[in-house]
Amino acid sequence: MRPADLIRQKQNGRTITILTAWDSLSAALVEAAGADAVLVGDSLAMVALGHATTLPVTLDQMRHHTLAVSRGFAAAPSKQPLLICDLPFLSYQCGADLAVQAAGTLLKETPAAAVKLEGAEAEVLAVIDRLVRMGIPVMGHLGLTPQAVHRLGYRRQAEDPVSQERLLTQAIALEQAGCFALVLEHVPSALAREVRRRLLIPVIGIGAGDDCDGQIRVTADLLGLTEQQPPFSPALIPGQQLFVEALRTWIAAQTPTTTPPPATPDY
């Protein structure tokens, strides 16, 4: 799977499905489930590394986890899901040169075929233009952008007409800068529908309603493995509870059923 294949899926009216992975086991699960693409998201900072936000994860950690994810794929390379890697905080906000180096490192040293970054400020658009001209496929991300949590929080975005018009303008700018797809997170469904109507590239929703070209979810949320569930991504199973109960069953089975005989001294 390549970035151009996602565009063809939009053109053919086929819904795109993207799930996150953070190690070889989670990658094997989402590949077996049939996801079109796998995102090694900076959410692994919270899911795998125990941080409270996505901000602390480093480029080297993203590279490490992307390699681990790639080892979990069982299919031949041409049949594997599209592998996308998040550019972590401060790997692209400090200029195009640093961004090219960061994205180039990920694509050179891992099997990732694309990177994702957040925002559409003038500086970010310049970075995207540079990356695309260097041959690096880029997925955009608007709405709730976790790397801006200290400024925007985790609340729903673009709820008033002015901010909705701004987001639509940003989405068009991202397409013009060369993005092959756009993630819209936690925005009104009517806005996502209009963005989808205006763009030729796929619009992938998470908390943006059903009228998108595809959907993306954090796998740990769907499996019920996280302590706090996002309101737009309810768990499909009580995974944490099931796993704890299974482990407790094993631990209980190790308790001796009879009292051992008293120890005999060696003297």
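Every residue, even glycine, has its Cβ placed from backbone N, Cα and C.
Record note: Swiss-Prot gives ASP42, SER43, ASP86 as 3-methyl-2-oxobutanoate-binding, and the candidate from LYS10, LYS116 in that site is LYS116. The recorded positions recorded for this entry are SER43, LYS116, GLU185, and the Cα of LYS116 lies nearest to that of ASP86 (Mg(2+) binding site).
Rounded to a whole number, the C-alpha distance linking LYS116 (3-methyl-2-oxobutanoate binding site) with ASP42 (Mg(2+) binding site) is 10 angstrom.
Sequence-distant contacts (6 or more apart, same chain, Cβ under 8 Å) of GLU118 (Mg(2+) binding site) comprise VAL124, GLY140, HIS141, LEU142, THR145, PRO146, GLN147, ALA148. Cα to Cα, SER43 (3-methyl-2-oxobutanoate binding site) and GLU185 (active site, proton acceptor) are separated by 14 Å. The sparsest Cβ neighbourhood within 10 Å, among the listed recorded positions (ASP42, ASP86, GLU185), is found at GLU185.
The residues near the 3-methyl-2-oxobutanoate site, meaning same-chain residues not in ASP42, SER43, ASP86, LYS116 whose C-beta sits within 8 angstroms of the mean position of the site's C-beta atoms, are THR20, LEU39, VAL40, GLY41, LEU44, THR54, MET62, CYS85, LEU87, PRO88, PRO146, in sequence order.
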